[in-house]
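Heads up, the thing below is written out as structure tokens.
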Amino acid sequence: MHEAQIRVAIAGAGGRMGRQLIQAAMAMEGVQLGAALEREGSSLLGSDAGELAGAGKSGVIVQSSLEAVKDDFDVFIDFTRPEGTLTHLAFCRQHGKGMVIGTTGFDDAGKQAIREASQEIAIVFAANFSVGVNVMLKLLEKAAKVMGDYSDIEIIEAHHRHKVDAPSGTALAMGEAIAGALDKNLKDCAVYSREGYTGERVAGTIGFATVRAGDIVGEHTAMFADIGERVEITHKASSRMTFANGALRSALWLKTKKNGLFDMRDVLGLDVL
């Protein structure tokens, strides 16, 4: 194996995101697909991961046991569901494997487990691995510092019908970026639903609206609205490959890290801007 290469394992190999990750891993220079995982009992077990993803034969067989492939990867990439990700996290912590986590919907206990594991292993944990989204988060911080104290702030997000959590992790990250720039805690100022007689809008709050429809990959808009004008900052994703490439880029970046909790802005160096 070339010194620059890093071997990755992909969780949820048969899912929409898993297949994109396999394609990206097989195409990206410096990355080697080392393992592909599916749940116990899946009809996809025993398949060639590359053929499953439509990327050609890879020689990597889809398996259900992390123990069986523990020597085949350096970084584990997980875009599944919180309960599965936390199981994988415990394994990676035990065996000293890095992780790239794109799973959303964690409760506070799950997030704390990730923080604790990062004391021993290196983790990139991000709500969205798109370069464009992370540039947007930086722009939101700057817009909030200028407009946030006198404008009404609303975040609108849209995803496909199969997404199971709301608001999206990216929408929450947008809210946290804005709230942080205003020296607020999002938990204290977020409004997640409006129905019936709500009264007038409460100043200083951040509203969220959610759409679930069709096959929308992901659309996010933050609105800063004042009397007579408004500024909207929008990101639209047309392919999951942008998230997959960002995740693989993060795995390569982790190569030199022993431990710590990072996000995509660290990978891209956006905090120095």
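Backbone N, Cα and C define each Cβ position, glycine as well.
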Next item on the list: Given that Swiss-Prot annotates GLY12, ALA13, GLY14, GLY15, ARG16, MET17, GLY102, THR103, THR104, ALA126, ALA127, ASN128, PHE129 as binding NAD(+), state which candidate in GLU38, GLU40, GLU154, GLU157 belongs to that site as well.
Entry: GLU38
Check: What recorded positions among ARG39, HIS159, HIS160, LYS163 are found with a C-alpha within 10 angstroms of that of ASN128 (NAD(+) binding site)?
Finding: none
Check: Of ARG39, HIS159, HIS160, LYS163, GLY169, which recorded positions are close to THR103 (NAD(+) binding site), meaning a Cα within 10 Å of its Cα?
Finding: GLY169
Checklist line | Assigned element (helix, strand, coil) containing HIS159 (active site, proton donor/acceptor), judged by DSSP | finding: strand
Checklist line | Cα within 10 Å of GLY169 ((S)-2,3,4,5-tetrahydrodipicolinate binding site) - qualifying binding-site residues among GLY12, ARG16, ARG39 | finding: none
Next item on the list: Take the C-alpha atoms of GLY14 (NAD(+) binding site) and HIS159 (active site, proton donor/acceptor) and report the distance between them in angstrom, rounded.
Entry: 20
